[in-house]
């Protein structure tokens with residue numbers, strides 16, 4: 001959800017309506033740069049709404065919600081998620097597609113003509129407007145930003161009620177020997193959901209933000225604004241309908257209730273072996289209600305429950321491990337589409353497609369494999385913890401190796417070229433490819449003075465800064481392959497090169513490293529996914545029976561506070577350090593247009609890999625103190641096992657790690 005809202009909020013903020021005072025081209029350019037400066041900051045605040053609500057409310061929701069009507073809580077959570085999704089799409093319905101979408105569409109209509117005025121491609125210097133006008137430009141963002149923040153805030157609340165309570169609902173309604181299978185199915189669904197979201201987002205972003213307009217520009221064009229809002233409407237409708245039906249699930253499944261009554265009957269016989277009469281079902285149902293009433297949560301009991309959690313070494317080790325991994329990956333996930341665009345020159349929709357495909361195949365297979373092994377072999381908790389140490393080492397090693405997977409550097413021409421000094425070119429990065437297969441920073445920096453349409457492709461002509469090939473090219477549809485042409489790389493500084501032309505986007509770059517990157521990502525996802533089912537079982541079996549939901553709520557709050565909120569901020573600062581070309585206005589820095597791809601790649605993967613490797617400390621703590629955790633026996637069976645050996649039965653689902661006697 002966060003990744004989709006990041007791209008959505010960026011797209012929405014790009015597409016806000018222009019101020020009524022705007023009319024001249026220099027005013028529009030100044031407003032565009034001002035918009036970029038505050039867009040990232042507002043997007044970060046919007047995304048924080050999800051984590052802020054989880055920090056504030058997840059503990060309370062899971063502590064009280066787990067002891068109520070859990071299907072009703074889950075159903076309301078899903079319905080709330082649907083409403084939040086629809087709320088996230090409402091800025092498009094309220095504010096429309098915005099000024100930039102309209103300006104781009106109008107520009108494309110100009111490009112449909114055979115030529116255009118050279119003042120657009122070679123503009124005169126525009127005086128920067130600084131001062132009060134800049135302060136007013138941010139006002140247009142407040143309404144949409146508040147709506148998106150509220151959407152994320154309420155989404156964080158509903159997620160806490162659904163996923164935390166839902167997992168405990170599964171755990172309490174199936175046999176412990178079967179939980180690995182159900183955990184696996186649940187986790188596959190959680191993996192499949194975001195991946196399908198990536199696919200849906202990729203498809204929606206391939207449509208123009210306003211269905212009534214046709215800009216006729218390539219989706220690879222940096223000016224492309226996708227229909228960010230469409231996916232939210234689709235998902236919101238599905239969630240509201242499915243949440244309604246989820247509310248009618250029973251509080252406790254009949255099979256689970258029958259098994260619980262049988263265990264209570266066995267326990268009663270053990271306590272009173274001389275008592276031969278069979279007690280009624282109502283008697284055991286009364287015992288069940290009495291037990292539930294005894295464990296009913298209250299504010300007085302909350303400090304004691306928290307003390308039990310934070311004195312549990314296995315729980316603390318799991319928290320440390322999860323925090324380190326998600327601190328690394330939350331920032332990595334946020335900037336991964338940007339990395340794929342920068343490193344491998346893939347559009348936003350293509351980047352989402354490749355990321356989603358790799359995650360889908362690897363994670364689903366790994367989770368299923370891990371669940372099958374846990375069901376079939378039933379390894380002890382310590383073996384599961386040892387495997388987690390191995391997974392951490394392998395995952396961190398693969399992350400480090402990705403720092404060395406690269407494509408050949410693309411030489412961007414025209415950044416400091418004196419050839420185009422007669423034009424006051426914008427600093428906005430809009431790459432074009434010359435007929436010599438050389439990438440220029442923009443059509444203006446390539447010295448192009450006119451443009452036309454060739455089918456759906458924009459062609460910039462009369463480019464005085466582009467070297468002309470030794471052999472002439474009559475049309476763009478020439479049968480001569482571009483790779484077979486010989487070009488004269490001598491600089492051309494006058495207007496004699498009137499036959500030179502360029503097209504939008506990067507030049508084709510033959511690079512197979514993307515497949516290496518995807519392959520290593522698949523291996524990493526596969527291996528790490530195999531440990532998720534076992535790790536969840538160790539986590540839930542390491543805490544007091546009635547503290548399971550609270551344990552998930554506390555971890556959610558801690559992860560949001562320490563990992564999800566600072567993670568993207570830290571990675572954003574790292575990514576910014578690799579910027580080579582900033583947009584500037586009035587002496588202030590705006591958006592980054594061009595990155596040092598080597599620095600971007602190395603820093604992003606080394607920092608992520610280091611944090612993942614640091615998480616091994618938590619894995620080792622879990623390994624040391626998980627020796628006596630019982631994963632597969634029911635609580636009553638553990639009691640019976642102790643009493644059969646003449647030992648005092650524990651009062652918890654497991655025995656405290658530092659006091660449990662050896663069996």
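Glycine is treated like the rest: Cβ placed from N, Cα and C.
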**OP:** When you get a sec, could you say which of 384-405, 406-427, 428-449, 450-471 is annotated transmembrane segment by TrEMBL?
**Re:** 384-405
Subject >> TrEMBL annotation of transmembrane segment - which of the ranges 273-292, 293-312, 353-372, 473-492 it falls on >> reply: 353-372
Original post:
Looking at 191-209, 210-228, 495-513, which one is transmembrane segment according to TrEMBL?
Top reply: 191-209
Original post:
Residues sitting near the transmembrane segment (552-575): Cβ under 8 Å, six or more positions beyond its termini, same chain?
Top reply: 2, 40, 44, 47-48, 50-52, 54-56, 58-63, 156, 160, 163-164, 167-168, 306, 309, 318-319, 322-323, 326-332, 334-335, 338, 595, 600, 603-604, 607-608
Original post:
Out of 191-209, 314-333, 353-372, 602-625, which stretch has the largest tally of CB pairs under 8 angstroms to the transmembrane segment (514-540)?
Top reply: 353-372
Original post:
Taking a Cβ cut-off under 8 Å, which residues six or more beyond the ends of the transmembrane segment (602-625) line up next to it in the same chain?
Top reply: 313-314, 316-325, 327-329, 331-332, 335, 339, 382, 385-386, 388-389, 392-393, 395-397, 399-400, 402-403, 538, 570-571, 574-575, 577-578, 657-658
**OP:** Summarise the domain 'Kazal-like' (413-467) by DSSP state, stating how many residues are helix, strand and coil.
**Re:** 3 helix, 16 strand, 36 coil
